[in-house]
Amino acid sequence: MSVEAYGPSSQTLTFLDTEETELLGADTQGSEYDFTDFTLPSQTQTQGHTQSQLDNQLNGPDDGLHNGGMDDSVAKASQLLAELNFEEDEEDTYYTKDLPVHACRSYCGIHDPACVVYCNTSKKWFCNGRGNTSGSHIVNHLVRAKCKEVTLHKDGPLGETVLECYNCGCRNVFLLGFIPAKADSVVVLLCRQPCASQSSLKDINWDSSQWQPLIQDRCFLSWLVKIPSEQEQLRARQITAQQINKLEELWKDNPCATLEDLEKPGVDEEPQHVLLRYEDAYQYQNIFGPLVKLEADYDKKLKESQTQDNITVRWDLGLNKKRIAYFTLPKTDSDMRLMQGDEICLRYKGDLAPLWKGIGHVIKVPDSYGDEIAIELRTSVGAPVEIPHNYQVDFVWKSTSFDRMQSALKTFAVDETSVSGYIYHKLLGHEVEDVTIKCQLPKRFTANGLPDLNHSQVYAVKTVLQRPLSLIQGPPGTGKTVTSATIVYHLSRQGNGPVLVCAPSNIAVDQLTEKIDKTGLKVVRLCAKSREAIESPVSFLALHNQISNMDSMPELQKLQQLKDETGELSSADEKRYRALKRTAERELLMNADVIWCTCVRAGDPRLAKMQFRSILIDESTQATEPKCIGPVELGAKQLILGEITASWSCVMCKKAAKAGLSQSLFERLVVLGIRPIRLQVQYRMHPALSAFPSNIFYEGSLQNGVTAGDRIKKGFDFQWPQPEKPMFFYVTQGQEEIASSGTSYLNRTEAANVEKITTRLLKAGAKPDQIGIITPYEGQRSYLVQYMQFSGSLHTKLYQVEIASVDAFQGREKDFIILSCVRANEHQGIGFLNDPRRLNVALTRAKYGVIIVGNPKALSKQPLWNNLLNNYKEQKVLVEGPLNNLRESLMQFSKPRKLVNTINPRFMSTAMYDAREALIPGSAYDRSNTGGRPSNMYFQTHDQIGMIGAAASHLAALNIPIPFNLVMPPMPPPSYQGQTNGPAAGRGAMKGKSGRGGRQRIQWFWEPGGWSHAKQSDQPGWGFPVILSGATDTGLHLHEPAFPDEPARTLPARALPWDSYLGDEFKSQIDVALSQDSTYQGERAYQHGGVTGLSQY
C-alpha cells in the first residue's frame, strides 16, 4: 500500500512506500503544515493578440506618422481596426473550436492543466477559479450536478490522480481532507468520517487534529489545484451564476448543451406568476394548475432518481405478523425528505435466491438516535429473509396529493356548491362588504377540559365565532392550539354539523386532535391507509381503530379478525368485508362532532359526498394555496385560517416557487387587507428569553404570562454568565466545511463545543429529553449525532438528546435549546441564517435557557444578527473561553441600524423580497416603479446553491428583511384597495359565478334533524342569521377603527391585538374603506365592476 505524498521534487506527485523510511525525511516544505504556497507557474496559452501587440499594430512605430504620411497611417489603422473587429466576431468560435479538450469549455474556457479538474461523472473539465460566482466553477458544478468524484490533469503538478481516501478508498471529495505526517514530508488523504477520526492514526504518527478538508471556501486548496490568476480570469469568458444554474438544469436533459442553447426559444420559459386578485375561479385554476403540475413533475423526477444499490437489510417480524425490513441509506445530496407513510420498493438483486420485489411503507425514519429506516411490507411472500445483502431500494412516487389539489382547483371553479359566495369572492380578492354571523355566544368561553383563556384568547374566540372568514396569528407560546381547540368546541356546539379541521402535516393534526379530545366531543381522525400502522398519541381516535371497536357491527369484527389471522379473505368475504367497512366509515364520519385530517386528505373519497359549513385550517402558512383549497371546497361557509408566525410552506420546484406557489393563502389574504387576530400572552419562555423576539418580530406586543421565578428549574445547577438571564452566545472561531452531500455544511469546532455544553447541562441536572439541539444544516445535524455518540465523555445513552433542523422544531418546545449556527466564512454569507423566520423559531423554543454557538464575525455582517449580537453584548452574555471560566468577549460590532418602517414608523421594517410584497405595486414593499420581481434568494425553495449561500449584496442592505407573515403588516394603502374595485378595472361589468353550469352531484347536508342529501340545485341555505357591518347585539363592532384610542371599541384596548396606524395620511381613508355599506341583492352578483351583495355566503 502506498500513500500520496510530495516527494523530493515539487513538480510531481510521488507515491511512497510506508516501509521506505529513508525517504520520509525529505524536507520539501518551507513552512510547517502550510501547503498553500505550493503553486506552479501557470502554463498560460495566449488568447489572440496581447494588448501591447495590438497597440503596436494600431499605433505603429513612433515615427509612422512622419515617414508614411497622415493618410497612409489612417488607412493602415482602419485596416487593422477591421481585422480587430473580425477577431471580436470570431470570439465565440474561439471558445468552441480552439480550446483544448481539458478546458473549462462549458463555463469560462480556462485551460491551464494546473487549474482544471475532471468530473468523473459528467465527463467534463472545470477550473478552480471563481469568476463571477461565489465558489469555484468545479465546486459549483459538483454541487449542482450532484457529483463527487474528480481526477486531476495529467500535466498538472500532481499528475493524473483520482482523489480518494488512503484508508478506505472513498472518493467523495466533500468528505476528503489531508493530514501531514512523518516529518512533514508526506500528506495523507483521509475521509472525514470514519478514517480521520480513528484512534489508530496515533499509532502511525498521524495527528488527526491536523486534518483539513480539500475544499475550503468552496474552492479546492491552491496547492492541490491552482487557482487561476485574476488576469487569467478577466481574459476568460465571463459567465454569471444565473447562466451556470440554467446550463446545469439543461444538462439534466441534454448533457451536450452549451451556453448558446440557453438563447433558444422555450428553454427558459417561465410559468405565469400568481396574482393578488383573480377575475374568477377559472383564472385562479388556470394559474395554479400549471404550478401544481410543475411541482408534481419535479417531485416525481426527484423520487425516481433516488435508487440506492448494495443495501444491507436486517429482517424482523412485527407484532401484526408483518415483515419489517431495517436498513440504512447512504448520505444523499437529495432535497427529498423521507416521511412516515412513504412507499418504498425493496428488491433483491443477488444470486443466492430468486429475484424478489416487495412494496412497503416507511414506519421509522432517521432520527437523533440513528440513521436506520424501517419499512413494513404489504406482503412478504418469497422475501429472502435469510439473506442480508445485495438489495436495492427504489422510492415509489404517488401522484395522489397532486391529483387531489388539481381536483380541488377544478371543483372550486366549476361547482357553485363548493364554497359560499362570500368566501368565494374574498378568496379571489374581490371587494365585498364585511358581514357578521348573528349567533348565540357562549356565556363562558373556556371549553370543558381545556385551560382558562386569557383576554386575547377570549377576544379571538369571540370574534371568530361571528365572522365567516378569520385569520388567527399565534406567536410562539401564546396558546394557539388551545385557542383553536376552543373555537372548534364552540363551533361544534352550535349544532350545524361536523367541523372539519385540517393542517398541512400529520404532526400538527395530532397535536390539535389531542387537545380537542379532552373536551369530550366525538372526534374522528382520518388518515391514510399507509399510516394506519404508525403509532401516535391519538391513534385510538383514528377511523380504522374506531371501526375495529364498533360493537354494533359484529360481522365486520369477525371478518377483520379473520383477515388479521390469515392475511387474506375469500373473494366473497372480501367483498362483504369492504361493503361493511364502507358502511361503518360512513356512519362514524356522519355522527362525528369533529373530523380531523391533513389538507391533502380532505380530498379522500370518504369525504367526497359530505359538506362542512365550518372549516379550520391550522398552520396554514405551511401549506401552499392549492393545498388549502382542498378543504375549503367541501362547502365552507365559515373559514378559519390559523398560523404560527414563524412557519413557511416548502416548494421544491424552483420555477414554481419563483412563480409564487410558495406563497400561502394566509399571506395573500393579509396583503388583501384582512387583519389577523393576534394572540399576545406567551407562557413558554423565561421573560429574558422573550424580550428580543418580542421587540424584533412582534413590535414589543408579546406579554409574559410567566415570571422569572416560574422559569427557575429546581435541582438544576448551571452557572449562567448572568444568573438572572439564562442565555449566552458562545464565541467559536471554527471554520465551516461542506458536508458529504455537497449541499449542506458542518462545523467541527462548533460540534465539539456543543458536545461540551450538552455535557455540562446533563451534569447540572437536565435530562436528555429536556435538551434540544437546533441547527439549520443537515450536514451539521448528522455530524453532531455521530460526534455525540462516539466522542462524548458520558455514557452514549445520556446523549440521546434531540438534534434536528429548525423546521423540525416548529410548534414544539424544550427546556433548554442549543443553537449551532455553523456558518463561518469570508465569501459565502450565512445562507439559511439570513431567514429571520428560522431565527425566530430557534430563539423561541426554550422555556428555561438558550445557548447560541457561532462565529460572531461572520454573523454580524447580517443586520438582524448584528442586532442580536449587540443585544447580547449589552447584556454581557456574549462570552468566550473555557466553559468553567467564561469571560465576557471583547469583540466589537458595528452599531445596529435603526429599524424603520416607511408606512408605520412605530414598527420595524417588514420588507422581505418575496411574492407577497411584489404583488402590491407602489406599496412600501415595492422597491421599484415597475413592481419588479423580488430577489431570488428570498423564495422558499430547496435549491442546492441557495442552501450553500446567497449573494452578499441585496436591496435589504438598508433594512432587516423580516418576512411578511412574521409581523402584522400595515394594511395596503386604500388608494390601491379601491383601484376600480378589483382586477376588472376598465372592463365594465363582470360576470358573476352564478349560472356557470357546474356539474350535478349528490351531496350530504346537515339539517336540524340530521344528515340529508340533495343535488346542488336544491341545496339548503346557510342556516345562520346574517347581519351587515355595524354593532352586533353583543356590543362588539366588526369594523373596528384603525386607532385604539378612538371610542368605538367596547373591549379594553389591551385586549385587542389589532395593530394601530400612526400615519395620519392613511387614517381617514382607512376609516372610509372600513365603513362602506352596500345592499345585498343576489347570490354572487357584481355591479359596476365590483361585488355589491350576497344573499348567501
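Counting begins at 1 with the first residue displayed.
Backbone N, Cα and C atoms are what each Cβ position is placed from, and that goes for glycine too.
Swiss-Prot annotations:
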type     : residues                                                                               : note
REGION   : 42-67                                                                                  : region 'Disordered'
COMPBIAS : 42-53                                                                                  : compositional bias 'Low complexity'
DOMAIN   : 96-254                                                                                 : domain 'Upf1 CH-rich'
REGION   : 104-137                                                                                : region 'C3H'
BINDING  : CYS104, CYS108, CYS127, HIS137                                                         : Zn(2+) 1 binding site
REGION   : 119-147                                                                                : region 'CC/SHH/C'
REGION   : 165-195                                                                                : region 'C4'
BINDING  : CYS165, CYS168, CYS191, CYS195                                                         : Zn(2+) 3 binding site
BINDING  : GLN457, GLY474, PRO475, PRO476, GLY477, THR478, GLY479, LYS480, THR481, TYR683, GLU813 : ATP binding site
REGION   : 977-998                                                                                : region 'Disordered'
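Taking only the Cα positions, the spacing between CYS191 (Zn(2+) 3 binding site) and HIS137 (Zn(2+) 1 binding site) is 23 angstrom. Across the region 'C3H' (104-137), DSSP helix (H, G, I), strand (E, B) and coil residues number 1 helix, 8 strand, 25 coil. Residues GLN457, GLY474, PRO475, PRO476, GLY477, THR478, GLY479, LYS480, THR481, TYR683, GLU813, recorded as binding ATP, reach a greatest CA to CA spacing of 20 Å. The two recorded residues, THR481 (ATP binding site) and CYS165 (Zn(2+) 3 binding site), show a Cα separation of 51 Å. THR481 (ATP binding site) falls within a helical segment according to DSSP. Just so you know, the Cβ of GLN457 (ATP binding site) picks up 27 other Cβ atoms within 10 Å once every protein chain is counted. Set side by side, the binding-site residues PRO475, GLY477, GLY479 differ in how many other CB atoms lie within 10 angstroms of their CB, and the most is found at PRO475. For the recorded site, GLN457 (ATP binding site), the DSSP three-state label reads helix. If you take the CA of CYS127 (Zn(2+) 1 binding site) and look 10 A around it, you hit none of the binding-site residues from CYS165, CYS168, CYS195, GLN457, GLY477, GLU813.
For CYS195 (Zn(2+) 3 binding site), the same-chain residues 6+ apart in sequence whose C-beta sits under 8 angstroms from its C-beta are CYS165, TYR166, ASN167, CYS168, CYS170. Listed binding-site residues: CYS127, CYS168, CYS191; maximum Cβ neighbour count within 10 Å falls on CYS127. DSSP assigns CYS195 (Zn(2+) 3 binding site) to a helix in the three-state reduction.
The average pLDDT the prediction assigns to the region 'C3H' (104-137) is 92.
When the alpha carbons of GLN457 (ATP binding site) and CYS104 (Zn(2+) 1 binding site) are compared, the span between them is 62 angstrom.
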